[in-house]
Amino acid sequence: MAGAGQTDTQLVEGNTTETDAVAAVAIGLSAVLFALAVAAMFERVSLTGTLAGVQTVTLLGGLLTALGVAVIAFGAGSRLGYVETDPDPSAGLIAGFGAAVPWVVVGGGVASQTLGLGTAGGAVGALVVGGVAFALTVLPREDLGSTLPLGSLLTLTGLVFLTGVIGPDWVWDLGWAQTASITAEFFIPVATLFSALYGGWASAKSYGGFGARGRHMGAYVLVYLNALSIVAFLFILVAYVVVQGVPGLLTGFELGLGTGPQTTILGVSVTLPVSVPFVMNGVALLNDFQGVLPAIVGTVWLVIGAVVLAVPLGVGAAVFLTEYADRGRFTQVVEVATNGLWSTPSIVFGLFGFAFLIPRFGNGKSLLSGMITLGFMLLPLVVITSREAMLSVPDEYRDASAALGVSKWQTIRSVVLPAALPGVVTGVILGVGRIAGETAPILLTMAGGTFIPGSQTVDVIGSFQFTAAPPFVANPALLEATSALPYQLFALITAGVGLGSSVSDPNAFRWATALVLLVVVLSFYAIGIATRYYFRRRLTHT
Amino acid sequence: MSENTTKQTQTESAATDSDQPLTTTAGETAERTQSEWTEYDFRGEAKMTVDDLDVYYGDDHALKGVSMEIPEQSVTALIGPSGCGKSTYLRCLNRMNDRVSSARIDGSVELGGQEIYQDGVNLVELRKRVGMVFQSPNPFPKSIRENIAYGPKKHGDLDTGLLARLLNRSDADERDELVERCLRDAALWDEVSDRLDDNALGLSGGQQQRLCIARCLSVDPEVILMDEPASALDPIATAKIEDLIDDLAEEYTVVIVTHNMQQAARISDQTAVFLTGGELVEYGDTDQVFENPHSERVEDYITGKFG
Ligand SMILES: Nc1ncnc2c1ncn2[C@@H]1O[C@H](COP(=O)(O)OP(=O)(O)OP(=O)(O)O)[C@@H](O)[C@H]1O
Ligand SMILES: [Mg+2]
């Protein structure tokens, strides 16, 4: 961005570097405002407090005003010929609508609320002001059109904040129902956010000297800010859960030899050197600290069980559909059915498990019923993505293999499936993300509750048994009722204040459960990504 | 399209739409194809014998009554304008056309005296004996070594699996010998001997094509079908492949489709010319076909007056 101007011939003109700098500073200002707005929205910056020694709202207002003035100044300077730019005759219809929308809001709001003209007056005000903004954008030359209306908007917003017309205590009662009102806490960040976007757009256009290059710059800044905000949103979400969850997670945390519980690893009994009661304990009367271990183990086994069930079935169905079945009525019906199954609400699956599976597996809620129910939920996605992946394996591979006299099934096994595996894994990753967070099917098939006793921690591996009668193996653990994290979280939240008697800080307990759920799901995700990376590497590097 | 065409008389030509296909109005463009033109007298044994072969794609009659004998241990070139059915013909020789669901094939093809279009033909065995190299290089996304060992492994001739290794019965040495032999035969060994475990997709186009030839050799075929194997390659890689084909003809029967007349003239012993409409118009000794063709249309085609 910075280097681009230097090769331009217009750099020869003396004052261009300084004006470029003004535009660049304006872009930077927009980015800062954008960040502040996001921070304020998530209450990381307090609107009532101060920032850098200034009242937050005043600071926002000042910055917005400065940005608006800079944008207008640049546009006017360009129009009057002080700044060398390359504007088109008009800013264009899209820019016109872009500028009209916020002015419609401003015009309508001011006319109906501030001036008290009522709904009809508001509509007229909105139309008039929006129309003027539109005309001012579209009719003048591009340099003025794409700066003046937006710059004025920014200046207006900034002045409103500066003068305290809208301060931290401002509330706009919508008067719909008792509850509907817009508070400053919501309005100020949102207004700042949009103003920052518009400011960034206008100043990026200015920086590019308008014209094709300017539009490119404008689009670039908008796209960039957008991508950034997505990343920021994700980061804030995770950070929020972590910050809220860590205290609960670390209650009773101890580090040091002999502090942890005893476990057997490879037949040797060892005492772990750390103790994190929250993830190592269930709930018991005599526990110092309560934990969610049964639900963690339940979730992990649930996901493993569902994957073990769904992946072979799904990949097998996909192989049949893509490689063996002729395209026709039948494959279409199967396709529609799988897509429909994938869109089926999870509570319906849960109900199916409750009504169909539970009576068949020991007549009680059990881990096995949960696994099968979630496996069925996962199945359609595995089928869909595996099919896509297999269809995208080039036919040349199949031809090459057939021309060597290799049978169809061997071709599928050794050429088609390996080439399709990364796609299959992607599907499984997406599906696991969905089923690991399911609440409704677990509620109906696996039981659980607010607090799960440590005794419900399933030991699937340890409880394999050989029996004298067919089927010769048994695993009672699969038939035990247990729980999983999403359902426990749901139960904890709906239980409300009643938790107080069992844990010292119910709220921290809930957040810690959420954090653990997040970590478990993200771990599965990481395993999936690593697997996919491995298979993809094998295809391209070996 | 007329069904009156017999093996002896084929009067349909793309240029005329005659109502009376059997009349002998030989205009400037309409010319009677004569059976003598496609009867090629050669010394030695015929490896493959094609008799009155018709191929239809749906209603589209892509090959019309083609009969020809392919002598063993020689190079047979197939030339002709685009869309005249050369690839179709080639794919009939190892029944790859079976994989095209719309294709219907009539007629007879014999390999070493055995009919390949009959019930009970073992396609695995047939395709092992009649190998194929495709127009665009299509190595598997596996290592160079695995690409070549693939066929023999799947046929159970090489076992390098985990079980074999555990039982100390692994054929890894045989495999490496085979890999080296095939790569040497395909004139690729010197270029890749130090990176046999690299992915084949990392090779250049010409190297990939030679790898495909090596892969085809790995199952020890008797006939090698090549569909424009050098069409995507630069002159140097093309020259390498041509030399290679020359060497291969000492041991194998090679049938090659090419658009490059010079190439056909350089490398082949006999040449078959297909013309638009899917007929075989002339087949004979390469020198004779290029220097003294019977058919005017073939002469026009070869001298570039008509494509
Ligand atoms: N899979 C197919 N389905 C339907 N029609 C086909 C198919 N393959 C080939 N054809 C038709 O058969 C005719 C002969 O095709 P073919 O590929 O054999 O030509 P070709 O001589 O190899 O041409 P080129 O030199 O361009 O490769 C063409 O008209 C083509 O459209
Ligand atoms: Mg072809």
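First residue shown is number 1, and so on along the chain.
Backbone N, Cα and C atoms are what each Cβ position is placed from, and that goes for glycine too.
According to TrEMBL, the domain 'ABC transmembrane type-1' annotation covers A:296-491.
The annotation transmembrane segment is assigned in TrEMBL to A:21-42 (among others). Beyond its flanks by at least six residues, the transmembrane segment (A:21-42) meets 2, 51, 56, 60, 63-64, 66-67, 70-71, 73-74, 186, 188-190, 192-193, 195-197, 199-200, 202-204, 206-207, 221, 225, 228-229, 232-233, 236, 240 of its own chain at Cβ-Cβ distances under 8 Å.
Residues annotated as transmembrane segment in TrEMBL: A:54-78 (among others). Sequence-remote contacts of a segment are chain residues at least 6 beyond its ends whose Cβ falls under 8 Å from one of its Cβ atoms, and for the transmembrane segment (A:54-78) they are 19, 22-23, 25-26, 29-30, 32-33, 36-37, 40, 45-48, 85, 87, 143-144, 146-148, 150-164, 166-168, 184, 188, 192, 195-196, 199, 202-203, 206, 210.
Cβ atoms under 8 Å from those of the transmembrane segment (A:117-139) belong to residues 90-93, 95-111, 145-146, 148-149, 153 of the same chain, restricted to positions at least 6 beyond its ends. Look at TrEMBL and you will find A:117-139 (among others) tagged as transmembrane segment.
Positions annotated as transmembrane segment by TrEMBL: A:146-166 (among others). Under 8 Å from some Cβ of the transmembrane segment (A:146-166) lie the Cβ atoms of residues 57-58, 60-72, 74-76, 78, 91, 95, 99, 102-103, 106, 133, 136-137, 140, 184, 187-188, 191-192, 195, 198-199, 201-202, 205-206, 210, 214, 218, all in the same chain and six or more residues away from its ends.
Here TrEMBL flags A:186-207 (among others) as transmembrane segment. Below 8 angstroms of C-beta separation, residues 1, 20, 23-24, 26-27, 29-31, 33-34, 36-38, 40-41, 47, 57, 60, 64, 67-68, 70-71, 74-75, 78, 85, 98-99, 102, 143, 146-147, 150-151, 153-154, 157-158, 161, 166, 168, 170, 172, 214-215, 217-218, 220-222, 225 of the same chain, each at least six residues beyond the ends of the transmembrane segment (A:186-207), sit close to that stretch.
Long-range contacts of the transmembrane segment (A:219-243) within its own chain (CB-CB distance under 8 A, at least 6 residues past either end) are made by residues 27, 30-31, 34-35, 38, 42, 44, 196-197, 200-201, 204, 511, 514-515, 518. Annotation source TrEMBL lists transmembrane segment at A:219-243 (among others).
Under the heading transmembrane segment, TrEMBL lists A:263-286 (among others).
If you look up TrEMBL, you'll see A:298-321 (among others) marked as transmembrane segment.
The annotation transmembrane segment is assigned in TrEMBL to A:341-359 (among others). Under 8 Å from some Cβ of the transmembrane segment (A:341-359) lie the Cβ atoms of residues 365-366, 368-370, 372-374, 376-377, 379-381, 384, 438, 440-445, all in the same chain and six or more residues away from its ends.
Remote same-chain residues near the transmembrane segment (A:366-384) are listed as 298, 301-303, 305-311, 313-315, 317-318, 321, 338-339, 341-342, 346, 349-350, 352-353, 357-358, 424, 427-428, 430-432, 434-435, 438, 441-442, 444-446, 458, 460, 477-482, 484 (criterion: CB distance under 8 Å, separation of at least six residues from the stretch ends). Per TrEMBL, transmembrane segment is recorded for A:366-384 (among others).
According to TrEMBL, the transmembrane segment annotation covers A:415-436 (among others).
The transmembrane segment annotation in TrEMBL covers A:509-535 (among others). Residues 238, 241-242, 244-249, 251, 278-279, 290, 292, 295-296, 299-300, 303, 418, 421-422, 425-426, 428-429, 432-433, 436-437, 485-486, 488-489, 492-493, 499, 503 of the same chain, all 6+ positions outside the transmembrane segment (A:509-535), place their C-beta atoms under 8 angstroms from a C-beta of that stretch.
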Same-chain residues at least 6 beyond the ends of the transmembrane segment (A:298-321) whose Cβ lies under 8 Å from its Cβ atoms: 331, 334-335, 367-368, 370-372, 374-383, 386-387, 389-390, 412, 416-417, 424, 428, 431-432, 435-436, 442, 446, 448, 456, 458, 460, 482-486, 517, 520, 524
